[in-house]
Each structure stands twice: as structure tokens, then as C-alpha cells.
Amino acid sequence: MLCLCLYVPVHNSDQIEVEYFESNGLPSELKSLKSLSVLLPSQEFSTYRRWRKKSLKTEEKEHDGQLDFEEFVHYLQDHEKDLKLVFKSMDRKIAGQVNANDIVNSLRDLGVHISLKQAEKVLKSMDKNGTMTIDWNEWKKYPTLQPAENIPEIILYWKHSTIFDVGESLMVPDEFTVEEHLTGMWWRHLVSGGGAGAVSRTCTAPLDRLKVLMQVHGCQGKSMCLMSGLTQMIKEGGVRSLWRGNGINVIKIAPETALKFMAYEQIKRVMGSSQETLGISERFVAGSLAGVIAQSTIYPMEVLKTRLALRKTGQYKGISDCAKHILKTEGMSAFYKGYVPNMLGIIPYAGIDLAVYETLKNTWLQRYGTENADPGVFVLLACGTVSSTCGQLASYPLALIRTRMQAQASVEGSSQVSMTGLFKQIMKTEGPTGLYRGLTPNFLKVIPAVSISYVVYEHIKSTLGVRSR
């Protein structure tokens with residue numbers, strides 16, 4: 001492509017030098033999108049059309065196919081600004097040049113891992129003088145109509161913990177771009193995630209309560225399966241009893257999400273990271289610490305959830321009555337029963353969930369993400385389901401011990417046993433399989449929980465004015 005400089009008058013500005021690529025004598029007086037599509041490579045033209053669709057107001061979207069040249073100039077200006085931001089973010093030494101290591105490090109900070117050889121291959125496609133470094137002039141000439149926002153879009157498209165809610169709040173928080181912080185989009189994403197979690201948990205509450213019953217009562221000599229458990233719940237308290245404990249489970253979403261997000265941002269500052277996003281290991285450390293802080297604060301609500309899920313008809317009048325009863329009969333310490341295994345469970349859950357999700361994400365990006373960072377609904381749901389399932393499988397024994405410790409005083413004939421004592425007791429009387437009681441309903445709720453939370457998240461996000469990119 002030959003480079004051509006034009007001086008084009010743009011509204012409310014002086015004459016602006018606009019540099020773009022001429023393809024086979026591309027004329028300056030283009031009249032229609034059809035003409036442009038003939039002269040430009042299909043990938044570059046589709047990128048321009050996506051940009052145009054995003055920038056147009058709703059009432060202007062049904063246009064007549066005519067291309068306004070002034071509008072095309074604005075596109076080139078916006079594109080060059082995006083390129084400049086990406087170049088500066090990679091040029092950490094402020095040397096005015098970017099090498100293969102800079103590309104590797106920048107992508108690693110975004111959770112995308114490529115080899116030095118792959119980075120050199122990318123570099124060679126832009127390097128015109130064979131120095132294996134590129135300056136700003138070489139960088140901005142790398143096809144003007146290619147999507148410059150591809151790297152930041154990885155963060156925007158691959159949200160994980162904000163979108164998917166499987167009932168366990170142990171995931172590492174998602175990263176937000178500088179743009180999302182400045183525009184206030186971050187809180188819209190969090191509100192959307194909170195609303196999605198509320199709907200998702202409510203829809204899967206019967207399976208969640210069944211899991212708790214199987215974890216606690218499955219050790220009392222009677223085997224409890226899915227159908228017998230559901231039948232027992234309905235027989236004892238009617239259909240409404242299937243949702244016992246769901247109220248407090250939904251209420252705790254807001255404070256826990258807010259605490260985790262604020263703690264995560266503060267920990268990032270303490271860690272002294274100057275980058276927009278953290279690397280995988282840093283995210284794991286910061287996310288785990290944020291999870292510990294949030295869980296420590298709202299843990300009494302976790303105990304209340306378990307007690308309310310196990311309650312019999314007429315035992316408590318509501319959440320406050322249950323809290324008063326526990327405080328009166330067992331004391332304040334009862335609200336932190338099972339705290340240690342719960343905290344220990346954060347590490348395997350958060351670590352494996354993050355590692356699996358990032359591995360799946362990187363695999364997809366390396367194979368299919370060269371042209372577009374948007375993975376599509378199916379890929380996102382599949383990655384979220386697999387990573388959440390792996391995380392829960394690894395931390396499930398600790399979750400079961402936590403639940404039994406929370407329920408000790410509410411189970412007749414149950415003695416107060418420590419975490420290690422309870423582990424030994426389960427292994428002795430039930431064997432290794434005893435550590436996985438209730439796993440079936442827990443896994444059965446993952447796919448519907450992930451699917452429901454994604455659909456509701458997208459709907460609320462759209463209502464709050466967050467457009468899908």
C-alpha cells in the first residue's frame with residue numbers, strides 16, 4: 001500500500017494532516033461504502049464498518065449506504081489515537097522504540113502469554129528496516145484499518161467473575177480498563193453482575209439447598225439422592241421450602257462484591273503496580289487477599305445462610321430471628337464457625353479457576369483471536385463453566401467441612417469438632433467419598449447458573465447504557 005497525505009477540512013478544527021493507505025490508486029473522493037469495500041481488504045473494511053456502527057447514533061444507523069468523507073477522516077484520527085495509546089503502553093522504557101520483549105511483557109500483563117518467537121514474528125511484519133525494533137512511524141503505518149483496540153478489548157470481552165455466578169464468591173475479581181474507570185462503566189458492570197447473581201442464585205436455589213442437606217445429613221446413616229432429597233424438602237415444608245436460605249444468599253452479594261472490588265484496587269496500589277492490569281500471579285495474590293477481606297467481613301451471613309437452609313418449618317421467623325437465636329444460645333463465636341476451612345478454600349478455588357480460565361482464554365486467542373478479541377457467547381460460557389467446575393472440585397472437601405462446622409449446633413447429637421478432627425472423622429466413618437457428598441447437585445447447577453447469569457448480565461448491562469463492543 002502506498003502512503004498518501006491529504007489535507008482535509010474537518011468541522012470545528014484547523015486543517016488536519018491525515019495519513020491513510022492508498023490501495024491500487026484509492027481515490028480521495030469516495031462516494032459509497034460499496035466503492036470502499038471493493039478497494040479495501042475485506043478484514044480492514046469490516047473493521048471500518050464496525051467502527052462506524054458504534055459511532056453513529058441510533059436514529060442514524062439506517063443510512064443510505066453513502067460514505068461521508070469527513071466521517072472517514074474522523075475514523076482515521078480516532079484510530080491513530082488508539083494506536084498511540086497502545087504504543088506508549090508497550091514502550092515502557094520511553095525509548096521511542098518497541099522490541100519483541102516489550103510485546104511479550106505487555107500481553108503478559110493482560111493475561112495473554114505468547115512466546116518470544118511469536119512476538120518476533122509479529123514484529124517482523126511491521127519492521128521495515130530489519131532492526132527488529134519498531135518506532136512510532138513504523139507502528140502507525142501497520143495497516144491503518146486494522147483494529148487498534150484489539151489488546152484492550154481482551155479485558156473488555158473476557159470478563160469472568162463479574163459475569164458468571166455459580167453461588168461461590170471465591171473468584172479473583174475482574175480487571176477494568178482505564179477507560180472503564182474514567183467513564184464510570186466499572187460500577188455498571190458490577191451492578192449488572194450483582195443483579196445477574198441474584199437471579200441466578202434464586203433460580204438454582206433448590207439445588208443449592210439440596211447440596212447443603214446432603215453435605216450435613218448425608219452422614220447420618222441414610223443415603224440421600226437427588227429425588228429423595230427434593231421429595232423430603234417438599235414433604236416437610238412445601239414447595240416454598242426449596243428456597244430456604246436464598247434470601248440471605250442474595251442479600252450478601254452487594255456487600256461482598258463492593259468489599260472485594262475496593263480491597264482488590266487498594267491491594268493493587270499497595271503492590272505498587274503501575275500497569276493498567278496485573279499479571280496472572282499478581283492477580284491471584286491480590287484477588288485471594290481481597291477475597292479473604294470480603295469473606296471475613298460478611299462471614300456471619302454465610303453461617304446464617306447455612307442455618308436457614310437447614311431449618312425446619314416454624315423454627316425461625318426470619319433472618320433477624322435466626323441471628324438473635326444463635327447469638328443468645330451459642331454466642332458471637334458461632335458466627336465464625338468454619339471460618340478457617342472457608343479461608344483455606346479460597347486458595348485452591350481462586351487459583352485453579354483463574355488458571356484454567358486463563359489457559360482456555362489464551363488457547364482461544366492464539367488460535368482464533370488474531371482478528372477479533374470477541375470470543376462469542378458459547379466460548380465464554382464454556383470457559384466459565386469448565387473453570388468454575390474445576391475450582392469447585394478442588395476446594396469441595398474444604399467447603400463440605402466448613403458447612404458441617406457451621407451446622408454443628410443445629411444438628412441433633414452433633415458434637416463440636418475442630419476442622420482436623422472433622423476431617424479425620426469423615427475419613428474414618430465415610431471414606432474419601434464422604435468429602436464429596438452433595439457434589440452432584442452442586443455440579444448440576446453450574447451450567448444453568450452460568451447461563452442465567454450471563455443472559456441477565458447482558459440485559460442489565462444494556463439497560464444501564466453499557467453497549468456491547
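Glycine is no exception: its Cβ is also placed from the backbone N, Cα and C atoms.
Per Swiss-Prot, the features are:
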TOPO_DOM  1-189  topological domain 'Mitochondrial intermembrane'
DOMAIN    47-80  domain 'EF-hand 1'
DOMAIN    114-149  domain 'EF-hand 3'
REPEAT    184-270  repeat 'Solcar 1'
TRANSMEM  190-207  transmembrane segment
TRANSMEM  245-264  transmembrane segment
TOPO_DOM  265-287  topological domain 'Mitochondrial intermembrane'
REPEAT    278-363  repeat 'Solcar 2'
TRANSMEM  288-301  transmembrane segment
TRANSMEM  338-357  transmembrane segment
TOPO_DOM  358-380  topological domain 'Mitochondrial intermembrane'
REPEAT    375-463  repeat 'Solcar 3'
TRANSMEM  381-398  transmembrane segment
TRANSMEM  438-457  transmembrane segment
TOPO_DOM  458-469  topological domain 'Mitochondrial intermembrane'
Legend entry - Recorded stretch, among 190-207, 338-357, 381-398, maximising Cβ pairs under 8 Å relative to the transmembrane segment (288-301): 338-357
Inset, instruction - Compare 190-207, 245-264, 338-357, 381-398 by their Cβ pairs under 8 Å to the transmembrane segment (438-457) and return the stretch that comes out on top. - result: 190-207
Legend entry - Distant-in-sequence neighbours of the transmembrane segment (381-398), which means Cβ under 8 A and at least six residues beyond its ends: 160, 163-164, 166, 168, 170-171, 341-342, 344-346, 348-350, 352-354, 356-357, 360-361, 364, 375, 423, 435-436, 439, 442-443, 446-447, 450-451, 454
Inset, instruction - Could you give me the DSSP helix, strand and coil counts for the repeat 'Solcar 3' (375-463)? - result: 74 helix, 0 strand, 15 coil
